[in-house]
Amino acid sequence: MGGLEPCSRLLLLPLLLAVGGLRPVQAQAQSDCSCSTVSPGVLAGIVMGDLVLTVLIALAVYFLGRLVHRGRGAAEAATRKQRITETESPYQELQGQRSDVYSDLNMQRPYYK
């Protein structure tokens, strides 16, 4: 099984469980338990049903997402840009390089040059 792709291995697992005739695993200490056991075929069916439902949900989301009108997003982006340009920035704009702010530090510690 080293050469199979992960998808092929995943599809092969329920087949091996159902055809292999594996008995449900029971703990020896709980042999007097009146619990119901789950056969490998039922377990494989649950796993396969879950995988099918997951794929169907993913496909439904994909196709419903494609149906959304794309022009609406462009109109929202234009109004958003307009709102951004109208809003005044609360930050002070940068000024040019000012060497006088840190000039006294160079005189105190010349070994950092």
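One-based numbering along the chain as shown.
Any Cβ shown, glycine's included, is placed from N, Cα and C.
Here Swiss-Prot flags 1-27 as signal peptide, drawing on sequence analysis. As annotated by Swiss-Prot, Ca(2+) binding site applies to ASP50, with the evidence given as similarity to another entry. Swiss-Prot lists 80-108 with the feature domain 'ITAM'. Residues or ranges marked as compositional bias 'Polar residues' by Swiss-Prot: 87-100. Here Swiss-Prot flags TYR91, TYR102 as phosphotyrosine.
Geometry remark: TYR91 (phosphotyrosine) versus ASP50 (Ca(2+) binding site), CA distance 53 Å.
DSSP assigns the residue listed as 'Ca(2+) binding site' to a helical segment in the three-state reduction.
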